[in-house]
Amino acid sequence: MADPASGSLWPYGALLFLDLLLWLTLWTSLLCSQGVFLMNLTWLWVFRAFSWVLLHTVSSATLNKTTHNLLKPWVALVCFIPPVYDMVQTLLLRRGCGFSPVPVPLMVVLSAVTGTLIHLMWDKAFPIKKVKKEQEAKVLLMRVIRYSKPDYLHLAAAFFFLILAALFESSIPYYMGKIMDGLSGEYKHESFLWAIVCLSLYSFGSSMFTGLRGGMFMCSLSRLNKRIRHMLFQNLLKQDIIFFEENKPGSLTSRLVSDTDKMGRSVAMNVNVFLRSLVKTCGMLVQMLSLSWQLTLLTFVEMPLLAVLQNYYNIHYQKTSRELQNCMAEIEQLASSVIRSVKTVRSFRAEAQELKKYKDALDKKRQILKRKGIFSAIHLLLRRCLTLGLRVSMLLLSHHLISSGQLSTGSLLAFVLYQKDMSLNMRQLVHVYGDILNTVWSAEKVFTLLDRKPNMQEAGDWVPENLEGRITFDNITLSYPSRPESKALKSVSIELSPGKMTALVGPSGGGKSSCVSLLQRFYEPQQGKVLLDNTPLHEYQHQYLCRQMAAVSQNPVLFSGSVKYNIAYGLRDCDIEQVKEAAKKANAHDFICRLDEGYDTDVGESGKRLSSGQKQCIAIARVLIRNPKILILDEATSKLDINTQHAVQEVLSGLKGQTLLVVAHRLQTIERADHIIYMEGGMVMEQGTHEQLMAKRGSYFHLREKLFTEDSDQG
């Protein structure tokens with residue numbers, strides 16, 4: 001649009017000047033006719049329609065497409081305000097005024113100014129950016145509705161009951177007016193009873209269909225929420241590890257719980273209210289026009305004013321709602337982070353620091369709610385004042401209509417009831433429309449997660465009949481996304497032979513854990529390939545690869561549930577005897593039997609009811625029960641006592657035909673390995689047997705001497 005603020009006023013001036021020339025032409029014609037031709041309402045409409053066509057054509061020919069499209073509403077306002085004004089005056093006062101039979105110059109100027117002001121106010125209330133956002137929100141809303149397709153029978157029934165409930169409810173004020181006429185005028189017993197019977201039937205029908213409508217919508221809401229949460233959780237489980245490193249658990253939980261709930265309400269609740277209000281408004285409009293078209297026109301003066309006021313409120317409401325939503329996610333993240341790490345918080349005496357952070361987040365939420373409340377109060381005050389002024393005008397007009405016999409007392413009562421419900425429904429339509437757009441933005445965040453594809457190659461479908469278990473790192477180079485400039489692995493080429501134990505040793509940050517992460521497909525290398533029996537890992541079927549490969553980390557994760565559940569985690573048809581056998585191999589059976597409920601004992605959240613060594617034993621048992629072809633132990637026995645370590649190592653040494661990769665710092669574990677790979681700075685510095693590396697007297701020799709000294713000191 002030609003923005004006055006930017007000084008681009010010439011399109012306004014040019015078109016207004018052309019319109020003034022048309023009015024001058026009309027005045028000249030009327031003067032020349034010397035009263036033979038006068039401007040009636042029909043000719044006024046014809047003249048302004050011609051003016052609109054001419055101005056529209058000139059605008060299209062002289063202005064660029066963007067400016068022309070944005071000026072079209074203004075041209076229509078300037079052209080059609082005069083005939084609309086005279087038509088309303090003719091209907092209300094039975095005479096023309098302002099533009100017919102002879103246009104008054106002052107009225108012509110006022111109509112142009114009024115049209116321009118309305119256009120500018122509309123542009124401020126509904127800016128182009130906001131319109132674009134609403135269009136984007138509508139696209140999101142249609143996508144949410146498409147997710148409701150499986151519930152179309154429930155929704156169809158709900159819409160059917162909604163229409164019946166709205167129609168029944170819109171008939172209640174009409175019969176209340178009939179009852180009032182029966183009491184105030186000439187009493188007719190049969191008509192009075194008939195009005196009471198109809199009022200009772202319509203009230204009962206409205207209540208019954210309202211209950212059925214609400215029940216069907218709530219049923220659809222629960223089904224939609226279940227479906228969306230299942231799809232979102234399913235897609236989250238498919239994401240790469242990088243995704244979980246970049247997104248906080250509290251934020252993801254908020255999307256999974258809060259945003260999916262808002263997403264469901266945008267369809268089942270808000271659309272329910274929107275359609276109900278729309279149907280009731282249409283039904284009541286018909287009834288109001290049948291009672292008094294004059295009062296109905298006056299009522300419609302209120303609606304655009306309330307719509308503009310409500311629109312300003314909706315803009316602020318949507319902004320603060322998004323801020324509040326993000327603030328709530330931050331509060332959830334802070335609380336869950338502290339609760340998960342309460343031991344660390346206490347050990348560093350950081351309670352006051354964490355409490356301050358939580359208090360600051362709560363203060364931020366309070367400030368947002370305060371702004372929201374103040375704006376809501378101002379909006380309510382302005383709306384009430386506007387409504388009061390129009391109510392007074394309506395009562396004055398009603399007095400005139402009743403005095404002239406055009407309206408009865410009962411009809412006035414019915415109209416007032418309709419008008420009250422109409423105002424409420426119109427406010428609901430505008431408010432709920434804004435609320436739908438607001439809650440749909442929650443859906444955008446959910447859809448962002450639903451549409452996200454993992455940044456790694458999809459697993460293939462290769463399932464070999466026999467797996468040897470030979471692993472090859474072929475010239476691997478790896479950089480983590482959080483540190484792309486730093487290479488964790490640099491041209492690493494190693495081989496893990498089946499039936500042998502390979503030990504990765506070296507200082508911290510040498511690249512040992514990076515090799516383990518690549519084997520588990522947590523990351524993809526930038527260069528090179530990880531091969532299993534000369535086939536890239538990503539070509540194997542995901543489920544097959546998980547069955548053939550298992551890992552135990554230094555800090556294993558246990559889930560809330562029984563010991564049996566954690567050992568048999570992910571396996572189907574696994575009986576208690578298999579669980580006990582695996583526990584015995586991991587030297588865990590004895591301490592499990594000493595627990596209160598044995599294998600049925602709940603280990604607590606993340607296994608907090610068990611010691612670190614006990615958690616490692618259960619994690620080792622969880623791996624052994626699977627009998628994998630490839631076994632990865634990343635400091636898996638570091639928290640076990642000496643006797644348990646020896647027992648577990650004896651079991652691991654007895655595994656036949658399995659590829660065993662061990663990341664260790666303990667001398668006893670390293671010396672048992674068939675092949676040792678020394679890594680430092682992301683590169684392979686030395687590799688060979690223990691004797692070969694000791695004979696070289698290189699980096700491994702010095703590491704072994706250091707470990708021997710540490711073990712002697714511990715002994």
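Glycine is no exception: its Cβ is also placed from the backbone N, Cα and C atoms.
Quick caveat, the model's predicted, so the values are computed rather than measured.
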- Query: Which stretch, out of 317-372, 485-540, is listed as coiled coil by TrEMBL?
  - Reply: 317-372
- Cβ under 8 Å to the transmembrane segment (104-122), counting only same-chain residues 6 or more beyond its ends: which ones? 4, 12, 16, 19-20, 23, 73-74, 77-78, 81-82, 85, 98, 308
- Short question: which residues 6 or more past the ends of the transmembrane segment (12-37) have a Cβ under 8 Å from it? 2, 4, 47, 51, 54-55, 58-59, 62, 71, 74-75, 78-79, 102-103, 108, 112, 116
